[in-house]
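As recorded in TrEMBL, the features of this protein are as follows:
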{"type": "DOMAIN", "residues": "A:1-101", "note": "domain 'FAD-binding FR-type'"}
{"type": "BINDING", "residues": "A:Arg52, A:Pro53, A:Ile54, A:Ser55, A:Ile69, A:Tyr70, A:Arg71, A:Gly76, A:Thr77", "note": "FAD binding site"}
{"type": "BINDING", "residues": "A:Cys217, A:Cys222, A:Cys225, A:Cys242", "note": "[2Fe-2S] cluster binding site"}
Amino acid sequence: MRQIKAELVSQTKIASSIFEAIVYHEAIDDHFQPGQFVHVKAGMGSNPLLRRPISICHVDPEKHLLTMIYRAEGKGTRLLSEMVPGGEIDLLGPLGQGFPVGNLGAGDTAWLVGGGIGVPPLYYLSQELTKRGVTVKHVHGFQTEAVVFYEEKFKAFGPVTITTADGSYGEEGFVTNQLNHDVDYLFACGPTPMLRALESFPAKKGVYLSLEQRMGCGIGACLACVCHVQGDETGLAYRKVCSDGPVFQAGEVVL
Amino acid sequence: MSRLHIELPGLQLKNPIMPASGCFGFGREYSQFYELDQLGAIMVKATTEKPRFGNPTPRVAETTSGMLNAIGLQNPGLEKVMNEELPWLSQYDVPIIANVAGSTIDDYVAVAKRISTASNVHALELNISCPNVKEGGLAFGTVPETAYEVTKAVKDVSDVPVYVKLSPNVTDIVQIAKVVESAGADGLTMINTLLGMRIDLKTGKPILANGAGGLSGPAIKPVAIRMIHQVSQQVSIPIIGMGGVQTAEDVIEYFLAGASAVAVGTANFVDPFTCPTIIESLPVLLDELGVNHISELTGRSWKKEWNLQSSSH
C-alpha cells in the first residue's frame, strides 16, 4: 500500500453515467490483486474532502496500467469524470483483501456474479481465474439497458448472462434466477440485498462476497466501515470492510 | 534546542504536531506509511473500561469541506489497550496522550487510574465531549458542575497530567474551560466535533444510522480558532488546538489564536502523510514569518505587547 500520483491515460464514458479511467504509474504492478480497491482523491482542495473507494477493474503489471470503472453520481466522481488524459490522480492503494485467486486451479468452475457498479472487480478476477485454468461463467445484473457495460469484454473469458431489473436488456429480473448450483465457487460483488440472496448459495468449495460500505480512511484506522461477525454472541467482534475485506467468505460477517 | 520543541505539562514534544484522537487508531495503520517517532505525540483512540462496538453503520457522511462521524467510541477496552496497543506503541520514541472516556464518573476514574500508569502514557485527554454516545461523553462536557466533578475525580487518581477535551456544543465555552481549570486540569484540548446532520434526499432520512454526528474537517476550523482565541485569554493552562488542520499555515493560525500545540484529525484520512508533511514545512514557514521559535507565536492575535513589537518592526 502506498500513495501514488498516477497519470490519467484515458477516460471513456462506457454507459450512462459510467466511466472507465485508465491510469499509469510505475508502482502499479502485480501487487494489485483482484477484489482490492484504490482510494482516490477527487479534485483539488477540501471539497469534496474524503477519498473515493474505487474497485480495481483491471491491472496490466507490465505496462503499469490500472483500470477503474466508476459511476459519476456524487460531486467527487463527477469531478473525476471531468478529468482529461495527462491529469494527475492521487490514489492510495492497493487496499484491502481481494478474492482468494490462489485457492483455485485447473478444473475448478466458478460463477462470477455482479450487480451494477459491483461488476468491474470481477473483470480482473475473471482474467486471473481463466489464466489458472478455471472455467468461469458470468451473470451481471443492471437496472436498465442504458447502464449495461463490459458485456463483450467478459465474453473473452466465458459465457455472460445479463439481467436487467426492468427487462430492457437481456433477461428480466435478478441475477439469482440465472444460477445453477453445480459449481465449485461463487464470487459476487454488488448491492447488499444481492449479496444476502447469494450468501447461502451451495457452491461446493466456497462463496466469496465483496462488500460495499461508506468509508473514511480506507486503511482501517477510523472504524467507519465495520460490520458484525456472524455467530459472535458478545456483539463486540467486528471486521473492517476496508482492511479485513472488502472480500469475505460467505458466513464470516453479518450482511 | 529545536525551534519546534515544546514543553507542556507532562509532555516534552519534539514538535507541536500530533494526530488527534479517533483519527489515528492506535497508530498501527499509519506506521505502514511513516515512522511514528517523527510525531510530537500521539493522541490514541478513546478508551473505555469495557470494549465497545460503537454505533450501527453508516457511521460517516461527507459534508462541504468536512465530514460527519458517529463511530460511537468503538474501542477494544482498557485491558486490551493496556496489554496490546500501548506496549506495541512503546517501540516508538513518542509520548502517548491517552484519551479517556466513560458513561459514569466511576468509568472515567477506572480508566484514568490504570491507563495513566502505562510507561509511555505521558498525559491523559479527558473526553467529556464525544457527541456520539447516549450516556457520558457530551453530557459531562456541557454542564459546568459535572465537568468540574469528573475532572477533579480523574485528577485525583491520574499519575500524569490531565488535559480536558472541550466540546464546542455549548453556549459559553469559556465558562466550561474556567471550571475545568479550577478543578485542576493541566491543559485543554479543543475543539471536539460540532453536532450536525445530513439527510439523504432519496430516503428522506438522516444518512448516519445514529441520526446526528460530529462535524470535523476544514469546515470547523474558524469555529475552533474563535474559541481558542477566547479561551486562551481567560485561562492560564495551555491549549492543544484542533479542528480542520491540514497545513503548516493552519498550525500557525492556531498558535496565533492561543494554542501551544496542534492536533491533526480528519486530514489523516485524506492524506496519511499530513502530519510529517506539516512537521517538515513548519521551519520554512517560520523563516518566512521571521519567527525563531514556534512558541513565540502563541496568543499573538490578542497579546498587546505583540502589537507594540509589530508596529516597531
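Counting begins at 1 with the first residue displayed.
Yeah, the Cβs are placed from backbone N, Cα and C, and that goes for glycine too.
Structure with TrEMBL features highlighted.
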| residue | record | Cβ neighbours (10 Å) |
| --- | --- | --- |
| A:Arg52 | FAD binding site | 22 |
| A:Ile54 | FAD binding site | 24 |
| A:Ile69 | FAD binding site | 23 |
| A:Arg71 | FAD binding site | 17 |
| A:Thr77 | FAD binding site | 20 |
| A:Cys217 | [2Fe-2S] cluster binding site | 29 |
| A:Cys222 | [2Fe-2S] cluster binding site | 30 |
| A:Cys225 | [2Fe-2S] cluster binding site | 28 |
| A:Cys242 | [2Fe-2S] cluster binding site | 28 |
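Apart from the site residues A:Arg52, A:Pro53, A:Ile54, A:Ser55, A:Ile69, A:Tyr70, A:Arg71, A:Gly76, A:Thr77, the chain places the Cβ of A:Val40, A:Met68, A:Leu80, A:Ile117 no farther than 8 Å from the centroid of the site's Cβ atoms, the recorded FAD location. In sequence order, the binding-site residues from A:Arg71, A:Cys217, A:Cys222, A:Cys225 that place a Cβ under 8 angstroms from a chain B Cβ are A:Cys217, A:Cys222, A:Cys225. Comparing CA positions across the binding-site residues A:Ile54, A:Ile69, A:Arg71, A:Thr77, the one lying closest to A:Cys242 ([2Fe-2S] cluster binding site) turns out to be A:Ile54. Distance from the CA of A:Thr77 (FAD binding site) to the CA of A:Cys217 ([2Fe-2S] cluster binding site) is 17 Å. Considering only the binding-site residues A:Ile54, A:Ile69, A:Arg71, A:Thr77, A:Cys225 ([2Fe-2S] cluster binding site) has A:Ile54 as its nearest partner by CA-CA distance. Between the farthest pair of Cα atoms in the FAD binding residues (A:Arg52, A:Pro53, A:Ile54, A:Ser55, A:Ile69, A:Tyr70, A:Arg71, A:Gly76, A:Thr77), the distance is 15 Å. The domain 'FAD-binding FR-type' (A:1-101) scores a mean pLDDT of 96 in the predicted structure. The separation of A:Cys222 ([2Fe-2S] cluster binding site) from A:Thr77 (FAD binding site), Cα to Cα, is 22 Å. In the three-state DSSP assignment, the secondary structure recorded for A:Cys225 ([2Fe-2S] cluster binding site) is coil.
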